[in-house]
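Student: Below are the structure tokens for one structure; questions will follow.
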Amino acid sequence: MAAQLDGVFEAELQKKITESKVLVVGAGGIGCEILKNLVLTGFTDIEIIDLDTIDVSNLNRQFLFHKEHVGKSKANVARESALAFNPNAKIKAYHDSITTNNYGVNFFQQFSIVLNALDNRAARSHVNRLCLTADVPLIESGTAGYNGQVELIKRGLTSCYECVPQPAQKSYPGCTIRNTPSEPIHCIVWAKHLFNQLFGESNEDEDVSPDTADPEAGADVGSAALEKEANEKGNVDRVNTRTWAKQCEYDPEKIFNKLFYDDINYLLSMSNLWKNRTPPKPAKWDAVQEGDGEEGSIVEDSVTRDQKVLSLAQTAKVFGESIKALKEAVGKLPEGDHLVWDKDDKDGMDFVAACANIRAQIFGIPRKSRFEIKSMAGNIIPAIATTNAITAGIVVMRAFRVLQQEYEACKTVYVRLRVNGRNQFIVPETLIIPPKPKCYVCAAKPEVVLKVDTKKLTVREFRDDILIKALNMVSPDVLLDGTGTIVISSEEDEKDCNNDKTLEELKIVNGCILKADDFLQNYELSITVLHKEAGREEAPFEIVADPDSLKPKEEEEKKEAGKQPAAAPVDDAQPSTSKGLNGSSSNGKQSTTVNEVEDDDDDMCIIEDDEDEKPSTSKAAADAVTTPGKSVEKRKHAPEDDEPANKKAKVSSSHPMDDDDDDLVILD
């Protein structure tokens, strides 16, 4: 080990390496490389945490894992493999989520440095906040294909992970998805919604197949509804699509005919839709089966099949097989439970790929291979092992600088596929980017403005969509400032009676100020509520991180005209979380309990936009930040023993963040 050999490092650095204690968060592509580098360098006191288990798809780049390790804990196997390099190292592994209440500020304060190798925003934001509060240097890293990034986050010196807002995921209008798709991605999103409608956590706003007793539906569906006898109230009893599918025992032929014949005829009955568009062509199961023959056989080799665009007959076979497999999977679940779509689950991926391609054929849209659909379904690009290795190497070299407190030398570094004008493919920033004064996380007094319709937004939606998903809290408590009224409590069942009430019903109206507090993150946030009635095409809420951006232009001009030369910033204004390190808030108030946030891993990267994204090397960032609303999802309060509390709460594409990849980071 290098640090055990005199002369390899300077004596001071050699001593710091052997005496330091390091936390590695994430044991995926980058995490494995970092751990290997740490052990070979001579770090002997290391702890590593990861919630995930090893999948076959991990083996092509996570080289501490082998075939016999599939299904085992990543953290535990990474520890065992790393000890083979240096049996004298002391490595402690946690098969757990970093966002549980076991890993608070006191846990982080024991480390000299924290190295992040995570995949998702929620966990990254959580570690960011705890490191800021604990005043422990954090080295954030990630890769996206051939691009990589390494940056230092140090309280009061550099910008934090949340200083620059992350771009929102691209979303698609519901009417386009349901009625008038024109691109393969529209069919893929439709297929993912259909999976949830039939097998997953259904959201009525995302249901894509009308129920089977809709009198207005076209073809046999509508006529069958009209022939039914009315109930006591004179109405036709309607059966939702999932219930109907269960009643017909998930028969592939019946489901196929409903989705691709009855539902398409229903769309054709809306004649106005097709005045300037090519109308879809309904498909029936029997007609598709007639195409069976040589082209109807499915290639057994999964790799070859994934790269091939299957015929319609072959696709129908995949559709039927996946329906049967998913039916069995649902049957094994406890009553009331549901499946969660995962692009690495064969049956779920087969179902989405088959449904997307059949729908594409019906609408005259080019069909795609399973591999292409998998990439598009998760908005993902492959992870590259070489990029992971380069990035991890830079992480450990930056750790040397941090241990020597040479922070000015720790400028953000970008890895690029092609060299720049200075013949560099590893490109450093020209300067340290300082904290953003109006950051809603690391400012001395974090605050945001929330523009929302207080007459419609419920407390549940406020908690789940805004505080947890948009603002990355884990288990928030909320008080109405001035009255002391508890709006949301992290104590289970304490304030659940408020969940279905609107903000207005709790006297939260235009101009009110809410105090949100997350005990686990030692994070407090002041939220000023502005009432705004959202238009039909507008997001249900908007978050503005810089309240000054809302002031009238004239007022700003007057302010600028009378402004004296600015004084130097006060260093003693503590950035981040506005709480003491002992876990208590500035006013002594404390709250308890937390719920976990899923800490996932995959071999792909989330792409937030259709455009090529490049890390920004600009020092300035926009002061005003807007965050679009997201669909409402239920939040579980009672986590299972080895599962994060909101394990099944997947972020919708209208924000997923939500697919996952521990080797990747979203690059702005």
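Placed from the backbone N, Cα and C atoms, the Cβ positions cover glycine too.
Those TrEMBL annotations? Automatic predictions, nothing curated.
Pulled these from TrEMBL:
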BINDING   CYS160, CYS163, CYS439, CYS442  Zn(2+) binding site
ACT_SITE  CYS175  active site, glycyl thioester intermediate
DOMAIN    450-534  domain 'Ubiquitin/SUMO-activating enzyme ubiquitin-like'
REGION    540-668  region 'Disordered'
COMPBIAS  548-562  compositional bias 'Basic and acidic residues'
COMPBIAS  563-591  compositional bias 'Low complexity'
COMPBIAS  596-613  compositional bias 'Acidic residues'
COMPBIAS  658-668  compositional bias 'Acidic residues'
Student: Quick check for the class: what is the C-alpha distance, in angstrom and rounded, between CYS163 (Zn(2+) binding site) and CYS175 (active site, glycyl thioester intermediate)?
Tutor: 35
Student: For the residue listed as 'active site, glycyl thioester intermediate', which of the binding-site residues CYS160, CYS439, CYS442 has the nearest Cα in space?
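Tutor: When the Cα distances are compared, CYS439 comes out closest.
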Student: Test of understanding: give the count of other CB atoms lying within 10 angstroms of the CB of CYS439 (Zn(2+) binding site).
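Tutor: The answer is 24.
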Student: Count up the helix, strand and coil residues in the domain 'Ubiquitin/SUMO-activating enzyme ubiquitin-like' (450-534) according to DSSP, in that order.
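Tutor: The breakdown for the domain 'Ubiquitin/SUMO-activating enzyme ubiquitin-like' (450-534) reads 18 helix, 28 strand, 39 coil.
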Student: Counting across all protein chains shown, how many other Cβ atoms sit within 10 Å of the Cβ of the residue listed as 'active site, glycyl thioester intermediate'?
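Tutor: The residue listed as 'active site, glycyl thioester intermediate' is surrounded by 9 other Cβ atoms within 10 Å.
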Student: For the domain 'Ubiquitin/SUMO-activating enzyme ubiquitin-like' (450-534), would you mind checking the mean pLDDT of the predicted model?
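Tutor: That stretch averages a pLDDT of 91.
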